[in-house]
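Trainee: Structure in structure tokens, see below.
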Amino acid sequence: GALLVSERIDREELCGALSPCSLSFEIVVENPLELYSGTVEIQDINDNDPVFPSSQARLEISESVPAGARFPLESAQDPDVGINSLQTYQLSSNPNFVLDVQTRVDGSKYAELVLEKELDREEQRELNLVLTALDGGSPPRSAHVQIHIDVVDANDNVPVFNQSTYKASVRENTPSGTLVTRISAYDLDDGPNGDIVYSFSSHTPAKVRELFALDSATGELRVKGQLDYEETKLYEIYLQAKDKGAVPGVAHCKVLVEVVDVNDNAPEVTVTSVYSPVPEDAAPGTVVALLSVTDLDSHDNGQDSYDVYVLENNMPGIPILNVSATDPDLGQNAHLSYTLLHGDPTVGHLFSINRENGTLYLLTSLDHEDQVEFSMMVQVQDGGFPPLATNVSVSVYVTDLNDNAPTVLYPHPNSTAAYTDVVAPGTPAGHMVTKVVAVDADAGYNAWISYTLLQATDPSLFSVGLHSGEIFTARQLREDDAPQHTLVILLKDHGEPVLSTSATVSISVAEMVKEVLTDLTDVAPASDPRKHVTFYLILAVILVSAAFFITMLSVGIFKCYKWRQSKELFNSSRSTTYRTPGPFHHIDAVRGGFMPPNFYHQVYLTTDSRQSDLLCKKPFTSSPLGSRQSTIRNGEPGLYHQIVGTASRLPTPAE
């Protein structure tokens with residue numbers, strides 16, 4: 001009756017993933033004939049390795065993917081069951097990803113890659129990881145798969161010029177096609193994100209576009225039209241480099257093109273007749289005409305006006321121009337003296353000229369932000385008799401230096417009030433939350449401001465516009481995001497050297513403004529108890545002064561009242577007869593509780609109570625009609641004196 005194994009048993013072949021695995025059979029016993037049923041349970045042993053579908057896996061992940069992103073991986077299979085089945089996964093060490101092992105409803109395991117640190121294609125273009133699957137046997141069996149990750153480029157780098165300002169000079173009347181300069185920018189991105197296209201900035205005047213041409217691929221700036229020094233001496237051209245990304249990055253630069261003068265203008269002589277015809281007996285030296293000579297060219301090509309360019313913040317006392325003139329006369333008649341004519345009162349305080357040699361000095365430091373241009377006249381006079389003189393105009397232009405950092409207007413940096421912007425939970429990416437507003441007192445390229453996110457509570461949540469200062473959500477807000485965020489925005493101009501400042505923006509994630517106000521109460525700065533000391537001191541002085549005034553006034557009134565009372569008592573004591581009262585005022589007697597309720601009186605006094613008699617009524621009876629009341633001339637002495645004593649304390653009608 002022994003039951004034997006006739007061939008090798010493979011549990012996985014017989015039952016697959018079914019557990020427990022059992023085989024049923026029947027046994028027939030003879031003499032006597034009986035039928036028995038039996039069951040054999042096939043127990044699993046760890047005789048199978050986990051198996052991945054393939055030996056390699058390849059993923060493409062953009063460098064713009066934020067931290068926390070998940071990437072499912074193909075699962076390994078292990079035909080064993082129970083503890084011998086697949087139990088866990090392991091990932092090779094790396095700085096960017098961690099492994100999260102999850103359990104399905106049926107108890108099987110699967111793994112997900114979780115991005116812990118954002119990728120940067122400019123630092124590392126690809127990653128190679130090893131994923132290991134382990135079962136629970138002793139010793140455990142394992143399987144491996146190679147994971148190759150290609151970091152896909154994102155347009156996260158803007159073009160950068162190799163210099164912010166280019167300078168070039170070109171002679172006027174230069175033929176079309178002449179190379180002026182070549183600008184160059186680079187972009188660290190790859191593909192279209194790193195391809196650069198050069199163009200004029202949007203605010204470049206149409207006149208500049210007519211005179212100059214820019215190659216969009218090479219960045220070569222060439223002459224296109226006819227340059228004329230007499231029309232414009234200096235061109236300030238703003239150019240930009242833009243990549244070909246979906247959201248292109250833009251960089252800006254400035255090109256200063258100085259037009260060199262060519263002597264292409266002949267002098268023009270204007271004759272103004274003063275005395276014509278000239279009498280034959282005109283005295284020697286009589287002025288008969290005035291000559292005016294002008295030349296549109298510059299410097300030696302044609303000097304009678306002067307344009308001087310001076311950098312702001314100059315050193316006081318420096319010479320800026322030498323006005324020179326000649327006189328063909330001899331001796332004293334050729335001795336020249338120079339005088340500065342003060343058309344503007346401020347010119348005399350700022351400029352001075354040497355009378356002997358015509359050197360013009362700047363007496364103080366100039367500021368481009370205060371005044372850009374100064375105009376004056378220089379008079380040259382000889383020493384003859386009568387003296388002859390001529391005038392020349394001088395224009396001094398103050399050129400800008402980058403001496404002012406950007407100034408933040410919103411949020412105000414010196415305000416004690418907390419500026420908090422509100423954004424609702426669940427706000428999608430690309431939503432504008434607020435805007436940093438700033439100005440720069442400088443001019444031109446020195447006043448161009450760029451905005452970058454310097455510091456943030458969660459750098460992946462917000463982004464700032466490079467040139468607009470607008471703050472956007474970089475991704476959708478989640479429930480686990482912090483309720484309060486502080487952003488530090490760096491503001492830089494484009495001058496040389498670059499000047500910068502920062503602005504702090506507070507953003508609250510809340511459904512209603514009421515929640516924000518509650519949060520602001522928690523973070524509001526503690527009040528300084530010392531700031532109330534002055535208020536309490538002033539209040540104490542006012543209260544003491546008021547108390548003193550009221551006390552003095554009360555004492556005066558009381559003294560006056562006592563003096564008046566004593567005088568009335570003295571006059572009342574002199575009355576010996578009762579006179580019939582004249583016109584009177586009716587005053588209800590004081591019911592002060594000194595007499596029984598039915599012993600009330602009415603007192604009638606004349607306008608001069610000190611000289612009038614008192615008329616007393618009889619006591620009230622129980623009759624509600626008061627029919628028993630009658631006027632009396634006399635009463636009981638006690639009652640009379642009591643009434644007199646009471647009336648003596650009443651004020652007169654005049655009072």
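Cβ atoms are placed via backbone N, Cα and C, with glycine included.
Automatic prediction, not curation, is the source of TrEMBL annotations.
The model shown is predicted, which means the values in this text are computed figures rather than measured ones.
Below are the features listed in TrEMBL for this protein:
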DOMAIN    1-52  domain 'Cadherin'
DOMAIN    53-161  domain 'Cadherin'
DOMAIN    162-269  domain 'Cadherin'
DOMAIN    302-408  domain 'Cadherin'
DOMAIN    415-527  domain 'Cadherin'
TRANSMEM  535-558  transmembrane segment
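Looking at the shown structure, can you explain where the listed features end up?
Mentor: Remark: secondary structure over the domain 'Cadherin' (1-52) totals 5 helix, 19 strand, 28 coil, with classes taken from DSSP.
If one looks beyond the transmembrane segment (535-558) by at least 6 residues along the same chain, no residue has a Cβ coming under 8 Å of a Cβ in the stretch.
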Trainee: Tell me, what is the mean pLDDT of the domain 'Cadherin' (1-52)?
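Mentor: Residues in the domain 'Cadherin' (1-52) carry a mean pLDDT of 86 in this prediction.
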